[in-house]
Amino acid sequence: MDGRGNIYINQAEMGEDQVLNGVTNKEHSENSGDKDNKQTTNTNSIDTNASKDNGEKSTEVSNYLQNIKISNSSAGLALTDKDNAKDAPLLIDTKTVVRFSPAWNQTLAASAAILMTFTSGLTSGYSAILLPQLKQPGSVIPWDENTASWIAAMAALPMAPGCLISGWMMEKCGRRLSHFIVCAPLLLGWIFIACANNLTLMLVGRFLTGLCVGLLGPVGPVYIGETSEPKFRGIFLAAVSLAIAVGIFVAHLIGTFLTWQWTAVICCLFPVLSVLLLCAVPESPTWLICKGQMDKGVTSYHWLRGYSDEAKAELQAIIDKRRAVDNQPIPTWREKLSNLKSPELLKPLAIMIIFFITCQFSGNNAVAFYSIEIVEKAVGKGIDHYVAMLVIDALRVVMSVVACVVCKQYGRRPLCFISGVWTALSMIALGSFLHWTGGEPTNLSWLPLSCLMVYICAISIGLVPLPWMMCGELFPTRVRGLGSGISSATTFLAFFVVVKTAPGMMSTLGDAVTFLFYGSVAFVGTCAMYFILPETKGKSLQEIEDKFRGIKGDKV
């Protein structure tokens, strides 16, 4: 920048020298003959044009120096006029060059959280390939139905408290640092599983990996929501569910061809890769600004969002909100407790709890954790169970990709209703078929498999991704950690209940009743969401927060 300024200043100095030389030439021409007068006239004409150009360049120098002054003031946040003591507009005519496009930077930031979420999918899918191998003769860990249910459910047990811890951790340490912290126990858990030669070590490893899934539950969507602009936020948040689906598929695929020990060893690589990716992205600008770190927050924001007018306006809204909070008196504990009763917290919290419970008790994770057993019960002996499982997993991945696209194109409400209705119909159809056949083998094994495939397609485009997407959107900044932590804890508590009770329900109530129950919950929950679910597509986080706080009569 200084190089450009020096060029202008040197040109101005050269222009002044030319003017002085022109005056000298003119005085000299008065004592010369007609031949000299002709030459002097031409010189005066040239000097006059030079002086005019220099005036324009001097003006440009002044404007350029003003830009330098702007660029050096408070990281471009707000300018203070000493004469008027008044804030100038945000980042007026900045000349800062963005090295990479905002879309690329936002994608990189989202990828760090998404890769961490991918390991959650590995944890969810691991038990499906672990349990059948433990049944084989000579297994280092003795197997029975109760042991199998605890190995599967142990990962789900600490997820709910992990979410509550995550809500506090992300507010205290930041979103990015929280991801760093989670990588350590996640890696340790997979090492314990890979080295397990007894049930205790296996359960400890499953507990640690499950705890990390709970810790990642709220912090991942919140970080993505705060680092993405509205037009990209939907697809990035939908990619969270895609990462889980890919993780389940990868765990099943590796476990189909390798032992459970080597599968765990490969899973150890991904927390290390996550650390490397996290080193390349900044902290959430919203969190930094809310903690009073204005310069770092603005730098992080512009690295992620660039300098468009829309980005500047949203940044100004975040800063204005922070200034308004600073101008308020420090609240007492009683006032803090009363803030927890505010509608901008309670309304989205109630919505998210109902949404998450609907998703979990629709049987999504029961199918993921007990894929081979469910395929065996539903399809019978007519189809290879591992092939059927991989087909269902591949379909889950494809539909998760579809969900990323449709969530960007269409609103949250229509996707929720379409997904919920077809999830309910497919589960009810599967339960009805099993009740009709009495669990006996038939030549119609394609029919229950088709019901399972429709179920995976339907639940993957709505009921699975939408709650996690909206968990990062609905809650206001000041209680985002608390709200997302409580709602995520609710879903993981339901997660544990579903995974722990699924084998017992199938053995005592029967497969047909179990699937009918899952389908009924999906239908009732979808009906409830029709009346309470807001539309958030294309809205900024501030607009969503204002809607819950604001005008009486707004549909929430």
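Cβ coordinates are placed from backbone N, Cα and C, and glycine is handled just like the others.
Keep in mind the model is a prediction, meaning the values are calculated, not measured.
The compositional bias 'Basic and acidic residues' annotation in TrEMBL covers 25-38.
Residues or ranges marked as compositional bias 'Polar residues' by TrEMBL: 39-52.
Looking just at the domain 'Major facilitator superfamily (MFS) profile' (109-537), the mean pLDDT is 85. Taken from TrEMBL, the feature domain 'Major facilitator superfamily (MFS) profile' applies to 109-537.
If you look up TrEMBL, you'll see 25-59 marked as region 'Disordered'.
According to TrEMBL, the feature transmembrane segment maps to 108-129 (among others).
Taken from TrEMBL, the feature transmembrane segment covers 149-168 (among others).
Annotated transmembrane segment per TrEMBL: 180-201 (among others), in sequence order. If one looks beyond the transmembrane segment (180-201) by at least 6 residues along the same chain, the residues whose Cβ comes under 8 Å of a Cβ in the stretch are 116, 119, 126, 140-142, 147, 151, 169, 173, 207-209, 211-212, 215-216, 219, 260-262, 264-265, 267-268, 271-272, 274-275, 278.
Under the heading transmembrane segment, TrEMBL lists 207-224 (among others). Remote same-chain partners of the transmembrane segment (207-224), defined as residues 6 or more beyond its termini with a Cβ less than 8 Å from a stretch Cβ, comprise 109-110, 113-114, 116-117, 119-120, 123-124, 126, 154-163, 165-167, 169-170, 175-176, 178-179, 181-182, 185-186, 188-190, 192-193, 233, 236-237, 240, 284, 468-469, 471-472, 480-481, 484-485, 487-489, 491-492.
Listed as Cβ neighbours of the transmembrane segment (236-254) (distance under 8 Å, sequence separation of 6 or more from its ends, same chain) are residues 106-107, 110, 113-115, 117-126, 128-129, 220-221, 224-225, 228, 262-263, 266-267, 368, 371, 389-390, 393-394, 396-397, 399-401, 403-404, 407-408, 460, 464-465, 468-469, 472-473. Under the heading transmembrane segment, TrEMBL lists 236-254 (among others).
Feature annotation from TrEMBL assigns transmembrane segment to 260-281 (among others).
Residues annotated as transmembrane segment in TrEMBL: 345-363 (among others).
Same-chain residues lying 6+ beyond the ends of the transmembrane segment (383-407) with a Cβ under 8 Å from its Cβ atoms: 125, 128, 234-235, 237-239, 241-242, 244-246, 248-249, 252-253, 256, 367, 371-372, 375-376, 415, 445, 449, 452-453, 456-457, 460-462, 464-466, 469, 537. Residues or ranges marked as transmembrane segment by TrEMBL: 383-407 (among others).
According to TrEMBL, the transmembrane segment annotation covers 414-434 (among others).
Residues or ranges marked as transmembrane segment in TrEMBL: 446-469 (among others).
Non-local neighbours of the transmembrane segment (481-503) in the same chain are 145, 148-149, 152-153, 156-157, 159-168, 170-171, 213-214, 217-219, 221-222, 340, 345, 348-349, 352-353, 356-357, 359-361, 363, 365-366, 369-370, 373, 467, 471-472, 474-475, 514; each lies 6+ residues outside the stretch with a CB under 8 Å from one of its CB atoms. The transmembrane segment annotation in TrEMBL covers 481-503 (among others).
Per TrEMBL, the feature transmembrane segment maps to 515-533 (among others).
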Any chance the transmembrane segment (345-363) and the transmembrane segment (446-469) have 3 or more Cβ pairs under 8 A, given the pairs are 6 or more apart in sequence? yes
Among 149-168, 260-281, 446-469, the stretch with the most Cβ pairs under 8 Å to the transmembrane segment (108-129) is 260-281
